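Q: So TrEMBL has the following annotated:
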type	residues	note
TRANSMEM	52-71	transmembrane segment
DOMAIN	54-230	domain 'SLC26A/SulP transporter'
TRANSMEM	83-106	transmembrane segment
TRANSMEM	127-147	transmembrane segment
TRANSMEM	153-173	transmembrane segment
TRANSMEM	207-224	transmembrane segment
DOMAIN	232-392	domain 'SLC26A/SulP transporter'
TRANSMEM	264-286	transmembrane segment
TRANSMEM	298-316	transmembrane segment
TRANSMEM	336-356	transmembrane segment
TRANSMEM	361-379	transmembrane segment
TRANSMEM	391-424	transmembrane segment
Amino acid sequence: MFHGLDDNDTDNNETYVVFKGSSMRKIPNPRRLISGLFPILRWSRSYDVGQAAGDLIAGITIALTLIPQSMAYASLAGFEPQYGLYASFIGGFVYALMGTCPQVNIGPSALLSLLTFTYTNGTNADFAVLLCLMAGIVQLVAGFAQLGFLVEFVSLPVVSGFTSAAALTIASAQIKGLLGLKFSADTFMDTWKNLFKHIGQTRMPDTLLSLSCCIVLMGLRWVSRTSTDYKGKVTPGLPTPQPPAFETIVGNRTYTAGQMLSHLGTGLIIVPMIGILSNVAIAKAFAKGKTLDATQEIVALGFCSVISSFFRSMPVNGSFSRSAVSEASGVRTPGAGLYTGVIVILTLVLLTPYFYFIPRAALASVIVCAVLNMVDIAILKRLWKTSRPDLIPLLGCFVCCLGLGIEVGLICGVGFDAILLLYYQSRPPLDVKYVNDGILPPHYAIRPVGGLSFAGAERVRSKLLALKRPKEIPVIRITTIDSLTVLPDNNMTVNGTALTNDVEASAVRPAEVLIIYCDSLYRLDYTFSQSLKMLVIDWRRSGRVIFCNVKPAVKEQLSHVLQDAIYCDTEQLRTCLASTINELHNTSDTAL
């Protein structure tokens with residue numbers, strides 16, 4: 001699972017344990033496992049002054065970005081600003097030990113803060129801390145069980161639609177802060193409904209300050225002279241390390257551990273999944289063509305979340321904006337997170353009293369400017385030119401996120417993706433050739449294009465059975481059909497020329513043998529195996545089916561459903577085809 005030592009490492013040895021019989025199990029060197037789990041053991045060997053200087057500059061720059069961001073994201077999640085700072089230092093330390101991408105910085109993000117608000121609204125910080133712990137546990141399970149491949153089932157269009165909708169939802173939620181309004185809203189539509197309802201209560205000082213901060217994104221000298229709503233006191237000092245609370249009191253109600261988990265609901269899956277998606281996406285974006293160990297990234301994020309939860313942290317993950325700052329600052333290794341963490345700790349200890357004078361409008365401006373770049377409009381043009389069907393899950397996810405909530409919208413987006421995937425799987429293209437070249441007896445040659453699964457089993461079987469019916473064979477004024485392709489829309493092309501419904505049917509007798517070339521088939525599911533069995537049985541009434549170039553694994557699967565199937569390779573094809581046709585004719589003569 002973990003790729004540890006370099007290829008030229010002399011200690012990269014393997015140990016073998018022999019069991020009964022001839023089976024043998026390979027056990028990696030423990031040093032390789034440890035080095036894979038802690039990549040710092042690799043890159044620290046060549047760590048020099050130049051790399052340290054680059055990491056120091058990047059670490060300081062990231063900290064200057066992270067500190068105001070983290071407080072703003074804590075406010076977005078509905079908690080006091082210190083919880084954003086609590087989430088900003090442990091992740092850097094842990095990722096420096098276990099991470100593989102220098103540009104990734106673990107901390108609070110706009111997306112996870114919005115999700116945290118969604119699942120903890122109306123509660124207290126104990127719910128957010130518990131959510132951070134549970135998200136980390138889910139991520140660790142996914143990493144160690146090597147379930148990272150499941151993330152690949154969420155397509156980029158769905159991620160884009162989800163991210164864009166989340167960005168608009170986040171920005172809309174901050175408009176009340178930009179205008180100095182105070183109201184509560186749960187969804188995108190509720191936010192705008194309440195915004196127009198309270199628009200008459202707009203505070204001009206806050207509005208002017210918001211516009212200024214959106215342009216400059218730094219506090220102006222005249223802020224202290226403007227009548228604004230300040231954020232208020234920020235609790236100083238470091239949090240005391242302790243396990244997350246599994247029992248808490250909200251108002252007059254006491255929540256047990258089970259009730260807290262029940263309240264978090266689908267957030268226990270959605271939050272860690274979004275964290276994994278964004279972290280792997282960031283690491284891939286900055287990998288620059290290098291191989292990325294996605295499993296290690298998931299494990300690193302899981303440990304960051306679990307350990308951070310013991311320091312009163314809200315859920316954490318990487319951030320595209322901080323990664324871009326890190327790249328521009330010349331980061332060299334994941335060790336930059338160490339410097340960032342130290343600066344955040346110093347900030348918590350020494351500077352928190354001064355955060356009282358940070359206006360809410362300024363924090364809202366930070367969030368709005370950070371998330372607007374998350375809206376990806378350019379992808380619409382790219383998809384229109386390259387893959388228009390992918391617009392369905394993108395727009396479906398986007399609309400559902402805005403109308404139904406981002407967590408429901410994401411599930412809908414995955415559902416649209418699944419429907420589109422099943423649609424393509426149920427209509428696999430088949431390369432069908434009618435061979436009559438004078439060298440081999442007339443026959444149909446079938447080459448599956450891509451994989452075959454249960455979704456397309458019946459459709460493929462019906463297409464191949466149709467070849468036996470004379471009325472399905474078009475009159476073609478050529479001796480050899482080099483390429484007869486059956487497309488998903490029921491049309492056919494002969495030598496690249498499309499056949500229309502105007503082609504007359506012929507009473508020519510179809511070929512008696514169907515050859516299925518299995519070069520590209522590496523496995524068959526049970527449903528498709530049964531479908532092939534029925535196909536062979538149907539063809540045996542007046543013909544035969546030959547399986548050519550079958551992989552051993554596929555042959556073993558077929559042997560359980562077809563005891564007397566005909567197999568051959570390319571070299572044996574002519575002999576096998578001739579003998580099969582002779583046997584078929586002899587059988588027909590005997591029957592007569």
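Backbone N, Cα and C atoms are what each Cβ position is placed from, and that goes for glycine too.
Curation does not apply to TrEMBL; its annotations are automatic.
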Q: Between the transmembrane segment (83-106) and the transmembrane segment (336-356), do 3 or more CB pairs sit under 8 angstroms, pairs being 6 or more residues apart?
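A: In contact, yes.
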Q: Checking distant contacts: for the transmembrane segment (391-424), what same-chain residues at least six beyond its ends satisfy Cβ-Cβ under 8 A?
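A: Counting only partners 6 or more residues beyond its ends, the transmembrane segment (391-424) has Cβ contacts under 8 Å with 114-115, 118-119, 153-155, 157-158, 160-162, 164-166, 168-169, 186-189, 266-267, 270, 274, 379-380, 383-384, 455.
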Q: Cβ under 8 Å, sequence separation of at least 6 from the ends of the transmembrane segment (52-71): give me the contacting residues as numbers and ranges.
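A: Same-chain residues near the transmembrane segment (52-71) but 6 or more away: 81-82, 84-85, 87-88, 102, 105, 107-108, 231, 234, 319, 321-322, 325-326, 329-333, 335-340, 342-344, 347, 355, 358, 363, 366, 370.
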Q: For the transmembrane segment (153-173), find every same-chain residue at least 6 residues outside the stretch whose CB is under 8 Å from a CB in it, and list them.
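A: Result: 76, 110-111, 113-114, 185, 187-188, 191-192, 195, 273, 277, 281, 367-368, 371-372, 374-377, 379, 383, 390-391, 393-399, 401-402, 406, 409-410, 413-414, 416-418.
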